[in-house]
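Trainee: Sharing the record's features from TrEMBL:
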type    : residues                                         : note
BINDING : B:ASP53, B:ASP82                                 : Mg(2+) 2 binding site
BINDING : B:HIS60, B:GLU263, B:TRP304                      : substrate binding site
BINDING : B:TYR112, B:GLY129, B:ASP130, B:ARG155, B:SER219 : ATP binding site
BINDING : B:ASP220                                         : Mg(2+) 5 binding site
DOMAIN  : B:35-145                                         : domain 'PurM-like N-terminal'
DOMAIN  : B:159-249                                        : domain 'PurM-like C-terminal'
Protein chains: 2
Amino acid sequence: MGGTGERVGDLGEFGLIARLIRGLPQAPAVALGPGDDAAVVAAPDGRVVATADLLVEGRHFRRDWSGPADIGHKAAAQNLADVVAMGARPTALLVGLALPPETPAAWVEELYAGLAAECAAAGASIVGGDVVGADAVTLAITALGDLGGAPPLTRSGARPGDVVAVRGALGCSAAGLALLERGASGPAELLAAHRRPRPPYAAGAEARAAGATALIDVSDGLVRDLGHVAAASGVRVEIDTAALPVPAVLGADGVRHVLTGGEDHGFAAAFPPGRVPAAWTAVGRVAAGAGVLVDGRPYEGGGWDHFPRRPR
Amino acid sequence: MGGTGERVGDLGEFGLIARLIRGLPQAPAVALGPGDDAAVVAAPDGRVVATADLLVEGRHFRRDWSGPADIGHKAAAQNLADVVAMGARPTALLVGLALPPETPAAWVEELYAGLAAECAAAGASIVGGDVVGADAVTLAITALGDLGGAPPLTRSGARPGDVVAVRGALGCSAAGLALLERGASGPAELLAAHRRPRPPYAAGAEARAAGATALIDVSDGLVRDLGHVAAASGVRVEIDTAALPVPAVLGADGVRHVLTGGEDHGFAAAFPPGRVPAAWTAVGRVAAGAGVLVDGRPYEGGGWDHFPRRPR
C-alpha cells in the first residue's frame with residue numbers, strides 16, 4: 001500500500017477519498033461510481049434491496065485482534081449477507097468511515113482493499129461513501145441488491161410442516177472470539193472465522209430456487225434469529241441439537257456456540273417438506289405455536305444484543 | 001414522546017428499534033419497510049441513486065447547541081439534498097445510530113421524529129437501519145432516490161458559455177455556527193439555519209426541466225463546490241460577488257459566509273444561456289480554463305474539510 005507513515009489527517013478529506021477510490025473496480029451494474037453527490041446503480045428489477053449496519057471499534061472489532069483487511073472483509077460480509085438473506089443478488093456497497101486523524105493512511109487503504117475484495121466475491125462494487133473525523137474508528141456500511149424479478153424472501157413466510165435448515169458455518173466466529181478474549185492463540189481456523197467470516201453467498205439463490213418460505217442471516221445467534229422467524233411468521237420453530245452441524249474443532253462448547261454464535265453469517269431457512277437443497281442441513285421443523293424450542297424445551301442460552309439490558 | 005427517564009441501555013437493541021419504527025409512515029414506494037434483514041424500495045427507473053454520510057457528535061453537531069429533532073432534520077436533509085443534486089426524487093432513508101447506553105430514550109425518539117419529518121418533507125420514508133452502542137452519538141444516513149427516466153445531473157457537464165446560478169440559502173448556517181461558537185444568542189434566523197437547514201428540494205426537478213448541464217449540493221462551500229464542478233467538467237467557473245444573494249442579516253461578513261459556508265444545502269447549477277429558472281439567481285458563468293475565479297481572482301477564503309491538513 002502507498003502509505004509511508006502518512007496519517008489520514010495529513011491527506012485531508014479529499015486527498016484520502018481520492019486515494020481510496022483510485023482504481024476501484026466497478027461492475028457493469030454501476031452506472032455512476034464514486035465522485036459525485038451520489039452514485040447511480042442499476043436496479044433492473046424495478047425495486048432495490050437496501051440494508052445498513054454500523055461497526056464501532058472496541059465493540060464490533062479490535063484493531064489488535066483483527067487486521068484492517070479482515071475488518072473490511074467482515075464489515076462488507078455482514079451487509080452483503082443481509083442482502084442475500086432477502087433472496088437478492090448484491091450489487092453495491094456504500095462505505096462511511098469515521099477515523100481519528102492519526103489513523104495511518106496505509107491502515108485505511110488495507111481496510112478499503114478488504115471491503116472491495118469481499119464485494120467482488122459477492123459480485124458487488126463499492127460505489128460511494130463518506131470520510132469524516134472521529135475519536136473512534138467507525139464503519140457505516142450500506143449494501144444494495146437486486147431481486148431479479150422474484151418476491152423477497154422474508155422472515156414471515158414459514159408455515160407449520162416446513163423443514164428448518166441451515167447453510168454455512170455456525171458458532172465458529174463466536175468460538176474464535178472467546179479464544180481472543182481469553183488470550184488464547186488457536187485453533188487458527190476459529191480465529192480466522194472470527195476475523196473474516198465467509199458467508200455462503202449462493203444461499204439466497206439456492207433457497208429461492210428450492211421454494212424456501214422464509215430466509216434469515218444468522219447474525220444474532222441461531223436460536224435468536226429463528227426466534228425472529230417464529231415471531232414474524234406466527235409459528236413455533238423446533239430445533240434438534242443432534243441434527244446440528246457442530247464442527248469437531250468447537251470441542252465441548254460446540255452445541256452452545258452453534259445455537260448462540262452469530263457472526264459467521266450463515267443462513268437459516270424454512271423449506272416445504274422434501275425441498276431442502278443438497279448444500280443445506282435440516283436441523284428441525286416449523287410447528288403451530290410460538291417461540292423456539294431446542295430438543296423440546298425453551299432455550300435460555302442467550303445470544304447477541306448490542307445493548308444488553310442492565311440489571312436494575 | 002414515551003420516555004420517562006428510560007435510557008437506551010435499559011430498552012436493549014430490539015426494544016429500542018421496536019419503539020423507533022413503531023408507527024413510521026411508509027410511502028407507496030416502500031415495498032418492505034423496517035423489520036427484516038433488508039428493506040425493499042421501488043426503483044421504477046431501473047436505476048437507484050444512493051448516497052451516504054456520517055455525522056459525529058462534537059464534529060458535526062453538539063447536543064448543547066441543537067435539539068434532537070434539529071439534529072434529525074439536518075442529518076436527513078444533507079443526504080436528501082445529495083439525492084436531489086443528481087436531479088432525482090428522494091425515495092428512502094436508512095438510519096444507522098451509534099448511541100452511548102446512557103442516552104435518554106426520549107432523546108433518540110425525538111431525533112427519529114426529526115429524521116422522519118424531514119423525509120416526509122422530501123417525499124421519502126425511513127425504511128431501515130441499525131442501532132449499536134458507542135461512546136459518541138453517531139448518525140450514519142443513507143438516502144436513495146429515483147431518476148424518473150432522466151440521465152443523472154452530475155458535476156461534469158458544465159460547458160463554457162453556461163450561466164452559473166444558485167438556489168436556496170447560502171452562508172446562513174455558517175453564520176449561525178459562528179454565533180454559537182462565540183456564545184452569541186442571535187439573530188434567531190441564523191441559529192435556526194444552522195440547526196435545521198431547509199434545502200429547496202424542488203431544485204432538482206427545476207434544474208432538470210430547465211436543461212441544466214451540471215448540478216451540485218452546496219455542502220462544502222460555494223467556491224469549493226463550484227471547484228468540484230470546474231474540475232469534473234474541465235472548465236473554469238467565474239463568480240461575481242455583486243450578483244450573490246447575500247441576506248442583510250449576515251452583516252459585514254456576508255459575502256465571505258456566502259462564498260464559504262456550506263451547510264445550508266442550497267444548490268448550484270450550470271444552465272445554457274437564457275435557461276435559468278425563475279427561482280434561481282445567476283451568479284456567474286462558465287468559461288474555458290480551470291478552477292474558480294471570484295471577481296476575476298482566485299479566492300483564498302477556504303471552505304470545509306473534515307480533516308483539515310495539519311501544518312508540518
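Positions of Cβ are set from backbone N, Cα and C atoms, glycine also.
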Trainee: Along the domain 'PurM-like C-terminal' (B:159-249), what average pLDDT does this model show?
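Mentor: That region's mean pLDDT is 95.
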Trainee: Going by DSSP, give the three-state secondary structure for B:GLY129 (ATP binding site).
Mentor: strand
Trainee: Using Cβ atoms and a cut-off of under 8 Å, determine which of the binding-site residues B:TYR112, B:GLY129, B:ASP130, B:ARG155, B:ASP220 neighbour chain A, and list them by sequence position, or give 'none'.
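Mentor: Answer, by Cβ distance to chain A: B:GLY129, B:ASP130, B:ARG155.
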Trainee: In the three-state scheme derived from DSSP, which category covers B:ASP82 (Mg(2+) 2 binding site)?
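Mentor: Its secondary structure by DSSP: helix.
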Trainee: Of all the binding-site residues given, namely B:ASP53, B:ASP82, B:TYR112, B:ASP130, B:ASP220, which is spatially nearest to B:GLU263 (substrate binding site) at the Cα level?
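Mentor: Answer for the nearest of the binding-site residues: B:ASP220.
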Trainee: Determine, to the nearest whole angstrom, how far the Cα atom of B:ASP82 (Mg(2+) 2 binding site) is from the Cα atom of B:ARG155 (ATP binding site).
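Mentor: A Cα-Cα distance of 12 Å.
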Trainee: Considering Cα atoms only, can you say which of B:ASP53, B:HIS60, B:ASP220 is the nearest neighbour of B:GLY129 (ATP binding site) among these binding-site residues?
Mentor: B:ASP53
Trainee: Out of B:ASP82, B:ASP130, B:ASP220, B:GLU263, give me whichever of these binding-site residues has the highest number of other Cβ atoms within 10 Å.
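Mentor: Buried the deepest by this measure is B:ASP82.
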Trainee: Of all the Cα pairs drawn from B:TYR112, B:GLY129, B:ASP130, B:ARG155, B:SER219, the residues the record ties to ATP, which distance is largest, in Å?
Mentor: 32
Trainee: Non-local Cβ contacts of B:ASP53 (Mg(2+) 2 binding site) (under 8 Å, 6 or more apart, same chain)?
Mentor: B:ALA75, B:GLN78, B:ASN79, B:ASP82, B:ALA140, B:ILE141
Trainee: Around the C-beta of B:HIS60 (substrate binding site), how many further C-beta atoms are within 10 angstroms, looking at every protein chain?
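Mentor: Excluding its own Cβ, the number within 10 Å is 21.
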Trainee: Taking the Cβ of each of the binding-site residues and counting other Cβ atoms inside 10 Å, which one has the highest number: B:TYR112, B:GLY129, B:ARG155, B:SER219?
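Mentor: Answer by Cβ density within 10 Å: B:GLY129.
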Trainee: For the residue listed as 'Mg(2+) 5 binding site', what is the secondary structure by DSSP, using just helix, strand and coil?
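Mentor: SS state of the residue listed as 'Mg(2+) 5 binding site' = coil.
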